[in-house]
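J.: Below is one structure. I have some questions about it.
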């Protein structure tokens, strides 16, 4: 769910997601690709709601580990994990000035 996604982003990037990415207006470049891939992963899910379904995961040795028997919830966890890791891997392209723009469709 959105809360779990936010917590994963915080764990991976050290940034408060709502403040740092909630209104991040640059949907181009790497950040846009991270979000686009996440949106596409979530759109492929069947049998669970990406915004409301809760899944289990843990943080072990600085790594997110998805632990779910339900295949849809496991895939959802993996989608959220992937976007959090993508954002972490691209922190060098994060532009604080773009954090207050309105979201633009991509």
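Every residue gets a Cβ built from N, Cα and C, even glycine.
These came from Swiss-Prot, pasted as-is:
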DISULFID  28-35  disulfide bond
DISULFID  34-86  disulfide bond
DISULFID  48-72  disulfide bond
DISULFID  66-77  disulfide bond
SITE      15  site 'Cationic membrane-docking site (MDoS)'
SITE      19  site 'Cationic membrane-docking site (MDoS)'
SITE      96  site 'Important residue of the cationic membrane-docking site (MDoS)'
SITE      103  site 'Hydrophobic membrane-disruption site (MDiS)'
SITE      104  site 'Cationic membrane-docking site (MDoS)'
SITE      106  site 'Hydrophobic membrane-disruption site (MDiS)'
J.: Can you tell me which of the recorded positions 48, 66, 77, 96 is spatially closest to residue 86 (disulfide bond)? Compare CA atoms only.
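T.: Looking at Cα distances from residue 86 (disulfide bond), the smallest one goes to 77.
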J.: Applying a 10 Å Cβ distance cut-off over all chains shown, what neighbour count does residue 72 (disulfide bond) have?
T.: 17
J.: For the recorded sites listed here (15, 19, 96), tell me which residue's CB has the most neighbouring CB atoms inside 10 Å.
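T.: Going through 15, 19, 96 one by one, the largest Cβ count within 10 Å is at 15.
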J.: Applying a 10 Å Cβ distance cut-off over all chains shown, what neighbour count does residue 34 (disulfide bond) have?
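T.: The answer is 21.
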J.: Residue 35 (disulfide bond) to residue 48 (disulfide bond): how many Å between their Cα atoms?
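T.: For residue 35 (disulfide bond) versus residue 48 (disulfide bond), the Cα atoms are 19 Å apart.
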J.: Using C-alpha positions only, work out which of the recorded positions 19, 34, 77, 96 is nearest to residue 48 (disulfide bond).
T.: 77
J.: In sequence order, which residues at least six apart in the same chain have a CB under 8 Å from the CB of residue 66 (disulfide bond)?
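T.: When sequence neighbours closer than 6 are ignored, residue 66 (disulfide bond) has 55, 56, 57, 74, 77, 78, 81 within Cβ distance under 8 Å.
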J.: In Å, rounded, how far does the Cα of residue 34 (disulfide bond) sit from the Cα of residue 72 (disulfide bond)?
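T.: Here the two Cα atoms lie 20 Å apart.
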J.: Mind giving me a neighbour count for residue 48 (disulfide bond)? Other Cβ atoms within 10 Å of its Cβ, every protein chain shown.
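T.: Around residue 48 (disulfide bond), other Cβ atoms within 10 Å: 20.
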